[in-house]
Ligand SMILES: CC(=O)N[C@H]1[C@@H](OP(=O)(O)OP(=O)(O)OC[C@H]2O[C@@H](n3ccc(=O)[nH]c3=O)[C@H](O)[C@@H]2O)O[C@H](CO)[C@@H](O)[C@@H]1O
Ligand SMILES: C=C(OP(=O)(O)O)C(=O)O
């Protein structure tokens, strides 16, 4: 198993390219199941989850071809052609490893009139139920049956009817599933209290490029007019706002000066606001953003919330950064009940953090010290990398496969801007 070794203390400077967004890629890939014509996605990040999703599409009968495989290139272009579906089932083994596979439920059901998808179950960061995915699909004409850990969905008369659904709480995944299912329904749909994350906007724009009719994109009410069929399209995946935020924290925690390239600054709202509040310089110029810090960081009070609020996917990275702030910060996690697993690992590096329920109080310390630590989930892993970059001495981060789900060529990007970081394989 691989580990990442960091000898901390280097100030990061230079230009760092941002990849395509994992969380957009994983909802754009299943769109290919909605048409028998090819969907070409560019700026796809090279990540374990994207490869895994490609394999799932293959199992369902889609052919995939990939360009851009030169080792020195970032991103890839994948063309997916789902001429016909040879299977309508997403099995437990795949869904268990990659939770985003639940996002094939809506598209398979829309395309084939029936789908059988394993229930994902819990995961390290929380329970992650899918009841809202199912209720929203029911509202647009799905009939559901639960048996042996699977959900079997079918559309009355072989095609979804469309309908109205108001989410009781905002759900990114459930909004994605129901939108993909509704675009080819017989009638119209109205989805209220829909998630407004930029990744949902990316999804809707891709579907529109494929011939879907969607009004209200980027708002909490999506009006969808079902069309008989979708067609071929080419679409470029949006920049990864969480990767950009993570490297912005890397600049801040090392007192560095990084220019992030290939960013969509308008989608970075709460992350950049919080960095500025901490005293970090954030200057956007087109698709480039300079992030620089030269004074001790100020403490923050932050609470995670759906977009445009402060993203849960940034909570762990900010916590690492705030361990070195000049005072006490208060972080509240409102989306996932168990997303503080990085806390004991950061404490092993000298951080002073107290968790009580959903709230963590982070008291800034003078310095962190390197230590062997264990990654527990994707963003928790990044928080340990950030801590390691600033710590005195050597940090060894185990279970790097979590990072490989969401950060394209992390050690290469960081060493190019001055980090002393390497990946070692223990065989
Ligand atoms: C609103 C939010 O910040 N969503 C995050 C969530 O998306 P993801 O799609 O995984 O999760 P949801 O947005 O669906 O979950 C939001 C909340 O709704 C609850 N819920 C969800 C679905 C459901 O059927 N029933 C239910 O009760 C969840 O437990 C959670 O408390 O994790 C992703 C990966 O970290 C992040 O990129 C998303 O930003
Ligand atoms: C937890 C994350 O992703 P996933 O929903 O794919 O587990 C994340 O992107 O932070």
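Residue numbers in this text run from 1 along the chain shown.
Placement of Cβ uses the backbone N, Cα and C atoms for every residue, glycine included.
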Per TrEMBL, member of 72, 313, 352 binding UDP-N-acetyl-alpha-D-glucosamine alongside 99, 128, 129, 130, 131, 132, 335: 313
For residue 123 (active site, proton donor): DSSP state (helix, strand, coil): strand
Residues among the binding-site residues 99, 130, 132 that border ligand 1 - Cβ under 6 angstroms, in sequence order: 130, 132
Same chain, 6+ residues apart, C-beta under 8 Å of the C-beta of residue 22 (phosphoenolpyruvate binding site), given in sequence order: 45, 47, 49, 50, 240, 242, 243, 405, 406
Residue among recorded positions 123, 130, 132, 335 with least C-beta crowding, 10 angstrom cut-off: 123
